[in-house]
Amino acid sequence: MTSFRPGTMQCLELHAEGLDAVRLKRLGICQGRLLELIGPGDPMILRIGTSQIGLSRRLASLVLVQPVEPNRQDAASQD
Amino acid sequence: MTTVDDVPATEPSTGNEQQSKTVLLVGNPNVGKTSLFNALAGLRAKTANYPGVTVDLRVAAIQVRSVDSDPHCQASADLDLVDLPGLYSMQPASPEEEVAAKCLRGEFQGRMDHSPDAVVVVVDATNLSRTLVVASEILELNLPTIVAVNLIDAAQAAGTEINIQELSNQLGCPVVPVSARKGNGLDTLRETIYDTVKPDEVALPIARASCVAGCTGCPFAARFDWADQVAGCSTESRKTVSRDLTWIDKTLTSPLLGLAALLTVMLSVFFMIFWVANYPMQWIEMAFGYISETVAALIPSGPVALWLWFPLATLLSLAVFAGAYRLNEMKWTRWSTGTAVAVSLLIGMLPQADFHSLAVDGVIAGIAGVVVFLPQICILFFFITLLEDSGYMARGAFVMERLMRRVGLPGKAFVPMLSAHACAIPGIMSTRTIESWRDRLVTILVLPLLTCSARLPVYVMVAALLFGDSPGKAAIMFAGAYLLGLIAAFGTAFLLKKTVVPGEAAPLVMELPSYRLPSLRNALLTMLDRGTIFLRQAGTTILLISVVLWALATYPKIPEAQLPVDERQQAQAALEYSAVGRIGQTIEPVFEPLGFDWKIDIGIMTSFAAREVLVSSLSIVYGLGEDAAEDTDLLVETLARQTKPDGSPVFTTATGLSLLVFFVLAMQCLPTQAVTKRETGSLKWAIVQFCYMTGLAYVAALMTYQTLAALGFA
Ligand SMILES: Nc1nc2c(ncn2[C@@H]2O[C@H](COP(=O)(O)OP(=O)(O)OP(=O)(O)O)[C@@H](O)[C@H]2O)c(=O)[nH]1
Ligand SMILES: [Mg+2]
């Protein structure tokens with residue numbers, strides 16, 4: 001998910017293992033969940049539900065996501 | 001007299017079938033468990049708006065009762081309330097989450113080796129869905145459970161209504177809205193706890209359905225979906241014109257502006273310390289000046305009959321001992337009583353003039369030298385607590401992670417590094433939140449380089465000496481000293497990564513808590529606590545070191561024949577003749593390249609175990625080297641007046657800054673080393689820490705002095 005621009009996306013898969021996987025999942029970064037990238041960079045800021053999570057790029061690269069466009073804006077630009 | 005011996009006290013509850021019941025406070029980090037614990041038990045455990053503040057189990061005995069029954073025959077139950085470290089899930093990712101999870105399962109060795117009698121799951125009303133996730137896991141344990149919806153005040157302010165009845169139906173357990181800060185709902189919570197653990201009621205096994213039963217996908221996702229659904233059903237959000245704080249957050253977390261903001265915040269705190277503390281410091285100085293004069297006047301100068309003087313002096317000294325023991329909560333054992341009596345008898349036998357000097361130059365000067373810094377320490381803790389409570393610190397950690405990772409420190413090391421700015425000991429303790437052993441070790445090793453509050457007296461003294469007339473420059477010097485500590489810590493971490501402890505730090509994933517209005521009460525209480533600790537230290541350790549130092553600096557006395565004729569040089573000659581003078585002059589060559597004279601060396605040696613002792617030692621050593629007429633002078637004035645044998649001042653810019661650099665970097669704290677040994681499990685790391693810090697301090701101070709001297713500041 002490191003190549004995305006701010007916006008909402010859905011988490012498809014986690015490639016993390018062991019401790020990293022647990023650390024991600026328990027904060028809500030797991031399969032099927034909606035994440036909103038609000039502060040790109042390294043580390044980046046995500047909004048999940050009502051909470052904000054700071055996430056290092058190295059962990060973010062283990063998360064496979066798919067953009068979700070609620071308003072059908074810039075649809076194909078992120079694939 | 002009752003027996004005071006070494007037999008360990010027996011556990012009061014052993015062999016008693018009426019063992020008190022255990023109630024656990026659990027929930028996500030930063031939902032206010034400790035705040036609730038404090039509110040219920042009337043305690044003051046540390047809280048902060050930062051995930052993972054509590055790292056240890058904390059137990060308090062409380063009494064709960066039903067509210068409605070007749071007050072005279074009210075049934076009540078005694079409970080052990082346990083505050084647990086926060087946990088995001090029963091699948092632990094850190095040692096302290098594991099402690100919390102084990103306590104819940106009743107598997108924790110020692111205190112919590114049985115299932116809890118009740119569990120209070122604390123959730124955050126402003127962040128209901130996320131904090132309910134762990135509640136679903138805990139509910140599945142089928143323990144008697146109560147859900148406390150905390151921060152209800154904050155939720156209401158944000159326009160969120162929570163339907164407690166609906167939530168209770170969905171969860172299948174009692175739900176109580178509370179505000180730990182405002183104190184709302186505490187009575188209802190107590191009553192609910194009472195109903196849950198009622199002594200005469202046999203607890204039926206509770207069978208709750210699992211929200212992930214029969215689910216094949218990711219169990220975490222299922223729980224999050226369940227929590228979303230429950231939270232959705234039971235909350236109603238009125239659209240309010242809430243203040244939009246996102247732009248602030250954007251600034252504070254951006255790479256460059258965020259760093260600049262961090263620096264600005266630090267700089268202004270130090271400026272405040274210097275500026276606001278000025279007035280109370282003057283008052284304290286005046287008070288001690290007055291005390292010193294009064295005491296000096298009270299001690300009769302003419303001869304007093306020995307039979308009157310001896311018991312008086314002995315009793316006075318015993319009284320001081322009693323006060324110090326009391327402050328330190330020390331028991332009157334055979335040893336401590338013996339010491340007190342022996343020393344008091346010795347003091348009673350002192351000649352009157354020496355007793356006068358002991359009282360004024362030793363005890364009062366030593367204590368005054370340190371107590372003057374009380375306002376600064378209070379202000380520091382006040383502002384740090386406010387910052388911690390606001391939620392800013394997590395942004396600080398976020399901004400710093402970029403830098404920290406490069407030197408091999410994890411983002412999470414920011415928490416300990418933050419506490420270490422108050423005191424290295426809680427800092428080292430809180431490294432327990434760091435999962436990987438490598439990351440933890442590196443953090444422990446570099447933590448004591450950060451500026452703890454015990455360094456403040458030294459910094460303030462140097463600032464007053466060099467920049468007494470300009471608070472702006474003093475603030476810059478302060479910020480510089482803090483920065484130097486930080487840079488040294490990062491540099492050392494980098495070197496450690498390249499040498500002794502190779503490897504990479506675990507990447508960051510951390511919750512950024514929402515901003516909250518800090519609690520003034522909390523800040524004031526923390527300030528009070530830390531001020532008390534500081535005063536206790538002054539009344540015990542520093543008093544002891546002061547008296548010993550006074551004795552060493554007074555005896556042996558110079559023979560009359562060797563006293564110089566010039567009266568102004570007599571005190572100086574006597575000091576040089578004393579034990580301290582001889583020791584100091586022997587080691588003088590070691591520190592000479594750093595620009596220190598032998599009196600400063602004495603200060604460095606005596607402050608080996610606690611760095612703030614430097615200030616009291618300098619007060620004593622320089623004070624004794626002067627005429628009695630100048631007794632009541634302030635330390636800084638005394639120091640500024642000191643000259644070398646050739647007539648040039650001792651405290652030049654070069655010497656002052658060299659001393660500052662030395663104290664920024666040197667270990668000079670015995671308790672910290674003890675904690676390092678305990679937390680790393682070996683003496684080896686404590687020794688490594690001591691050696692590298694002292695070496696670093698020496699070399700850096702040497703470079704500072706020689707450079708400045710070459711530039712003409714000496
Ligand atoms: N407005 C408001 N703030 C609260 C309330 N309860 C706690 N807080 C604040 O929430 C923050 C976190 O409180 P803590 O008690 O440290 O939380 P904790 O759950 O013990 O956190 P950890 O020990 O880190 O797991 C602090 O800044 C408190 O001042 C409340 O009822 N209302
Ligand atoms: Mg806590």
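Numbers here mean position along the shown chain, with the first residue as 1.
Placement of Cβ uses the backbone N, Cα and C atoms for every residue, glycine included.
TrEMBL does not curate its annotations; it predicts them automatically.
Here is what TrEMBL says about this protein:
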- B:1-20: region 'Disordered' (REGION)
- B:11-20: compositional bias 'Polar residues' (COMPBIAS)
- B:20-199: domain 'FeoB-type G' (DOMAIN)
- B:256-277: transmembrane segment (TRANSMEM)
- B:306-325: transmembrane segment (TRANSMEM)
- B:332-351: transmembrane segment (TRANSMEM)
- B:363-387: transmembrane segment (TRANSMEM)
- B:441-467: transmembrane segment (TRANSMEM)
- B:474-496: transmembrane segment (TRANSMEM)
- B:533-553: transmembrane segment (TRANSMEM)
- B:650-667: transmembrane segment (TRANSMEM)
- B:687-713: transmembrane segment (TRANSMEM)
Answer yes if the transmembrane segment (B:441-467) and the transmembrane segment (B:332-351) have at least three CB pairs under 8 Å among residue pairs 6 or more apart in sequence, and no otherwise. no
Confidence summary (mean pLDDT) of the domain 'FeoB-type G' (B:20-199): 84
Determine which residues of the chain contact the transmembrane segment (B:306-325) at the Cβ level, with the cut-off under 8 Å and only residues 6 or more beyond its ends counted. 332, 336, 340-341, 343-345, 347-350, 352, 355, 363, 539-540, 543-544
Return the stretch with the most CB pairs under 8 A relative to the transmembrane segment (B:650-667), choosing among B:256-277, B:363-387, B:474-496, B:533-553. B:474-496
Contact ranking winner - B:256-277, B:332-351, B:474-496, B:533-553 against the transmembrane segment (B:363-387), Cβ under 8 Å: B:533-553
Would you say the transmembrane segment (B:533-553) and the transmembrane segment (B:256-277) are touching, if the rule is that at least three C-beta pairs must lie under 8 angstroms and be 6 or more residues apart? no
Would you mind listing the long-range same-chain contacts of the transmembrane segment (B:332-351), meaning Cβ under 8 Å and 6+ residues beyond its ends? 4, 309-315, 317-318, 321-322, 325, 358
